[in-house]
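According to TrEMBL, the feature transmembrane segment maps to 27-49, 61-86, 106-127, 148-175, 195-225, 246-272. Among the features that TrEMBL reports, domain 'G-protein coupled receptors family 1 profile' is placed at 40-308.
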Amino acid sequence: MVDALVTDMEHQQQENVTTWQNQTGGAMIVVLPMSLGIISNTVALFILVNAYSLQRRRSKATFLLFATSLVITDFFGHVIPGALVLRLYLSGGASPEDSSDSMCQFLGGSMVFFGLCPLFMGCAMAAERCLGVTKPLLHSSLVTKTRTKVCLSVIWLAALSVALLPCFQLGSYTYQEPKTWCFINVLNDTMEVDVAFVVLFSGLGLTSLAVALVCNTISGLTLVLARIRRQPGSHHSARSHDIEMVVQLVGITVTSSICWSPLLILALMSVIHSSSKIAGENLAYYQTLMRIGVRLATWNQILDPWVYILLRRTVLRKIYLIVKCQAGLKDTMIGRWEKSLFPSLDQKEVNQV
């Protein structure tokens, strides 16, 4: 009898240790990316605010206003959902009986809102730059600071409207395995409204990525053609600013595509299979894919600030000078590219001499 009691106590202790290890490991998975995201967005926000206060070109100021709003949104997109997920991890997750509650509704809505906002903003930034590069006169007459703020308000309102649809019984949020996060119901007892909600969410996200990709491609090709047609010896400092902004937008679009496309596509696949009763056979497989997809999506909010930080002209100039010194580049086509992208570089070198 005593031996059995001791065995039960040891077994209970082992279970407690395992549970504590799982909670600690899960908390670290949340804390590390959240801390990195907060630091990244804070650094980028500091750089953007300084750049915006010193900027006099209206097109560049518009871009910086969009970029600042994107970084602020990414910052809160890390803090709010991250804090809720961390709380769930530390409490051991929701009980198996709970499919949804008020906290789950808020967490799911936050993930949809902070997921759509960066995609919408990236699309708007790409469209604005495409107009600025291809139709500069039209851009100068249409794009103002006030209209930019109105556009940002519309973006936030549109994302919020989509996130609040489950409040009107148009879709639902449920706890996702291992009961430590919430998202759109894509696997368990999905109904037609759930399928429509997922199609809307994924469709808006993928459409935003596609439009941004098309706009950035048009902007890039326009700048390349303008560079080819430019007369030797002429300088166009505005083009260097356009190149910098388009390069940053391409980086943001590529990052968003890599981070968000898997989750958007997986959500569609999961809800379609669930509604057709196919997912039940591979439920654990789809649950694992969804966890991987959402973790990959969170990295978008970490990488976005670094795209802007690392792809600025000042950073690219320093990288170019280091590469030039190491490789011993002289008069080459790269040298011509340097003069067009960094028109003030030669003068700075002369002043240093």
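Glycine is no exception: its Cβ is also placed from the backbone N, Cα and C atoms.
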(request) Please give the sequence-distant neighbours of the transmembrane segment (61-86): residues at least 6 beyond its ends with Cβ less than 8 Å from one of its Cβ atoms. (result) 27, 30-31, 33-34, 37-38, 41-42, 44-45, 48-49, 51-52, 55, 103, 106-107, 110-111, 114-115, 117-118, 121-122, 124-125, 128-129, 143, 145, 148-149, 152, 156, 180-181, 245, 248, 252, 298, 300-302, 304-305, 308
(message) Considering every residue in the domain 'G-protein coupled receptors family 1 profile' (40-308), what is the mean pLDDT value?
(response) 84
